[in-house]
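Here is what Swiss-Prot says about this protein:
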| type | residues | note |
| --- | --- | --- |
| REGION | 1-24 | region 'Disordered' |
| BINDING | 109 | substrate binding site |
| BINDING | 127, 129, 214 | Zn(2+) binding site |
| ACT_SITE | 157 | active site, proton donor/acceptor |
């Protein structure tokens, strides 16, 4: 697990609304509403669904539950400290927050976001309810048991948008196979946490996990990487759905005509 605690930084840390007040457009409390408004135009966070969280060292900024994502303000943001969370308490109601908005509830996605931060050292995690993500899980489901646990696609240029893995350098290449595990949905989002963590353990190089008939979680080292990987993945999901309509396979054999360079 990455180590985030810094005693000196904690002593100098602002409190209350000072945690979410800044003129900097790239401050997490300003960036999350801006990103969610963009995601809403893409159909990723329709009807208050989905969410986004950004980690700044030990501090985690989280979009609330039940808010219309295109109308979110910086004052709607929750803030917590990773180091102050009890690892034995993984339920939403057992979390402690440094700053809470007065009229919302904590996001049910919170423990899943924290899994990306603590297990992957991610700087940002995005959860979407993209229709393309849901359709891909349905297409996998239709293939039957044993063939519905991972989405695989290769020989597509957009695959280059993904890193090779947390402990590896460089990005995937055109001829590489991108693999995204699929987990089953649960009635309550926070109950997905253990299954997401199991998928992370089984697929240590993945930057995303699909949730059947629900959506996808995507993370990255920073906001830029999480956002571009989420965009690339949605592109590939849409492409995969259209390929299936045309009877085209997601896994293909394409001759390599030039050397692979890192």
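Cβ coordinates are placed from backbone N, Cα and C, and glycine is handled just like the others.
For the pair the residue listed as 'active site, proton donor/acceptor' and residue 127 (Zn(2+) binding site), the Cα-Cα distance reads 24 Å. Neighbours of the Zn(2+) site: apart from 127, 129, 214, residues of the same chain with C-beta atoms within 8 angstroms of the site's C-beta centroid are 49, 50, 128, 130, 133, 211, 215, 216, 217.
For the pair residue 214 (Zn(2+) binding site) and the residue listed as 'substrate binding site', the Cα-Cα distance reads 13 Å. Sequence-distant neighbours of residue 127 (Zn(2+) binding site) (same chain, 6+ apart, CB under 8 A from its CB) are 50, 51, 52, 109, 112, 113, 215, 216, 217, 218. A count of other CB atoms within 10 A of each Cβ picks out 109 as the most crowded of the recorded positions 109, 157. In the three-state DSSP assignment, the secondary structure recorded for residue 157 (active site, proton donor/acceptor) is helix. The C-beta environment of residue 129 (Zn(2+) binding site), restricted to residues of the same chain at least 6 apart in sequence and closer than 8 Å, consists of 44, 45, 46, 49, 50, 214, 215.
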